[in-house]
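Residues or ranges marked as substrate binding site in Swiss-Prot (evidence: sequence analysis): 30, 44, 56, 142. Residues or ranges marked as Mg(2+) 1 binding site in Swiss-Prot: 66, 71, 103. According to Swiss-Prot, the feature Mg(2+) 2 binding site maps to 71, an assignment based on sequence analysis.
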């Protein structure tokens, strides 16, 4: 099924869909979903051997500054499976740039109805400094051994900035 058939969400930017490409703590393989067919393709093997610190995916029918859909890390009590759709709400974002342009990573949790374990989380501070440090370190280093690739982490952004990223991503997709 084409991911173009999956809506960006019920109440953008407060309640949005994320399609999971990489489960939390899975083997260091970067998967990319083909947006037309819905199939997952191996994009590359992560040379640093690092594991994604949270589930990683994208908001369908969005377009971010790097020309890809808006990226999202989804913090959950258990890893999710490749290709599943999970309704989320954002806590903030990691602002960064890479060789393709602006490449922000939203940090989100499932909507409260889906996960009582994360319902108390209202901003980035609620996921804990250790996980924030792991996320930042992962994205600073995961491309370190790949020729021609680089990442510059610019810091954290709050919910308002993350909401703007989502709204802009939906608008860019519709252009």
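Glycine is treated like the rest: Cβ placed from N, Cα and C.
Same-chain neighbours of the Mg(2+) 1 site beyond 66, 71, 103, judged by a C-beta within 8 angstroms of the site's C-beta center, are, in sequence order, 64, 65, 68, 70, 96, 98, 100, 101, 102, 104, 105.
Neighbour density for residue 56 (substrate binding site): within 10 A of its CB lie 22 other CB atoms from the protein chains shown.
With respect to Cβ neighbours within 10 Å, the binding-site residues 66, 71, 103 differ, and 66 shows the lowest count. Residue pair residue 56 (substrate binding site) / residue 103 (Mg(2+) 1 binding site) shows a Cα separation of 13 Å.
Recorded residues residue 44 (substrate binding site) and residue 71 (Mg(2+) 1 binding site) have their alpha carbons 17 Å apart, per Cα-Cα distance.
Local packing around the Cβ, expressed as the count of other Cβ atoms within 10 angstroms, is greatest for 30 among the binding-site residues 30, 44. Spatially close to residue 142 (substrate binding site) yet at least six residues away along the chain are 46, 48, 50, 151, judged by Cβ distances under 8 angstroms. The record gives 30, 44, 56, 142 for substrate. Within 8 Å of the mean position of their Cβ atoms, the other Cβ atoms in that chain belong to 22, 28, 29, 31, 43, 46, 52.
Ranking the binding-site residues 66, 71, 103 by the distance of their Cα atoms from the Cα of residue 30 (substrate binding site) places 71 first. In three-state terms derived from DSSP, residue 30 (substrate binding site) belongs to an extended strand segment.
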